[in-house]
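Novice: Have a look at this one before I ask anything.
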Amino acid sequence: MSVKKIAVLVSGRGSNLQTIIDNIENGSINGKIEVVISSKRNAYALKRAANHDIEGIYIGKENYPDVDSRNDKLIEVLKKREIDLIVLAGYMSILNKRFVEIFKNKIINIHPSLIPSFCGKGYYGSRVHKAVLDYGVKLTGATVHFVDEGTDTGPVILQKTVEVDFNDTVETLSKKVLKIEHELLPLGVKLFCEDRLHVEGRKVKISMS
Ligand code: GRF
């Protein structure tokens, strides 16, 4: 099986990016990160890429002010590198219809709740955990899913729960959820790179290795 070419799109600290890098370096993921693209110029994720000699590129509002020009540039960069898999790891910018169509079933995202709860427009970062606490649910978690044209609406690949304790705060809860994100996202990437994910309508079948 050929080594999959991966692009990771980021906007922040890049702890999820780091778990993918680590799992490639320890031989668990049969892939190579060809490029890390950040929507924020000073994202720490770009530093993490540089630390591992991975190309890092800034494509954001300063150099590509409108959404379509930004997406056109992203598409150009990804096509040029013949990318097989695009991983959204805390990516906070909009992907347009053209982008999602071109890379259908090749984009995966990690969301810090159990989709379809606490997801969609306006649910990102600490807002997700605040909404979970405000609602008073006893379980939350993380979801890895394929990206379609909607917000957090694509087929679910993997989910895992964490318990919400009475005294949890946004900080303690995000820490607990981040821990399982760091298990789920590299696992999703690994399964993709082994051609083990099969989308059938809304469902994703995971085949045995
Ligand atoms: C994670 O909580 C992820 O679920 C969300 O953004 C955060 C990114 O964290 N989409 P990091 O940049 O990977 O550390």
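Here the Cβ of each residue, glycine as well, is placed from N, Cα and C on the backbone.
Below, the features straight out of TrEMBL:
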- H111: active site, proton donor (ACT_SITE)
- G14, S15, N16: N(1)-(5-phospho-beta-D-ribosyl)glycinamide binding site (BINDING)
- R70, N109: (6R)-10-formyltetrahydrofolate binding site (BINDING)
- 4-186: domain 'Formyl transferase N-terminal' (DOMAIN)
- D152: site 'Raises pKa of active site His' (SITE)
Novice: Report the same-chain neighbours of H111 (active site, proton donor): residues 6+ apart in sequence with Cβ closer than 8 Å to its Cβ, ordered by sequence.
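Specialist: For H111 (active site, proton donor), the qualifying residues are C119, V128, A142, T143, V144, H145, D152.
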Novice: For the domain 'Formyl transferase N-terminal' (4-186), would you mind checking the mean pLDDT of the predicted model?
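Specialist: Mean pLDDT for the domain 'Formyl transferase N-terminal' (4-186): 98.
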Novice: Around the N(1)-(5-phospho-beta-D-ribosyl)glycinamide site formed by G14, S15, N16, list the extra residues of the same chain whose Cβ is within 8 Å of the site's Cβ centroid.
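Specialist: Sorted by sequence, the hits are V10, G12, R13, L17, Q18, T19, A45, R48, A89, G90, H182.
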Novice: List those of the binding-site residues G14, N16, N109 whose Cβ lies under 6 Å from any atom of ligand 1, in sequence order, or write none if there are none.
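Specialist: Correct list: G14, N16.
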Novice: C-alpha of G14 (N(1)-(5-phospho-beta-D-ribosyl)glycinamide binding site) to C-alpha of N109 ((6R)-10-formyltetrahydrofolate binding site): distance in Å?
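Specialist: Roughly 13 Å, rounded to the nearest whole number.
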Novice: Quick one: of S15, N16, which of the binding-site residues has the smallest count of other CB atoms within 10 A?
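Specialist: Comparing Cβ neighbour counts within 10 Å for the binding-site residues S15, N16 gives S15.
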Novice: Only counting partners 6 or more residues apart, tell me which same-chain residues put their Cβ under 8 Å from the Cβ of R70 ((6R)-10-formyltetrahydrofolate binding site).
Specialist: I59, G60, K61, Y64, S93
Novice: Report, as a single number, how many Cβ atoms besides its own are within 10 Å of the Cβ of G14 (N(1)-(5-phospho-beta-D-ribosyl)glycinamide binding site).
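Specialist: Around G14 (N(1)-(5-phospho-beta-D-ribosyl)glycinamide binding site), other Cβ atoms within 10 Å: 23.
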Novice: For H111 (active site, proton donor), which of the three DSSP-derived states applies: helix, strand, or coil?
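Specialist: Once the DSSP labels are grouped into three classes, H111 (active site, proton donor) ends up as strand.
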Novice: So if I measure Cβ to Cβ from N109 ((6R)-10-formyltetrahydrofolate binding site) and keep only same-chain residues at least 6 apart in sequence, which ones fall under 8 Å?
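Specialist: Set apart from N109 ((6R)-10-formyltetrahydrofolate binding site) by at least 6 residues yet with Cβ under 8 Å, we have V87, L88, Y91, V144, H145, F146, V147, D152, G154.
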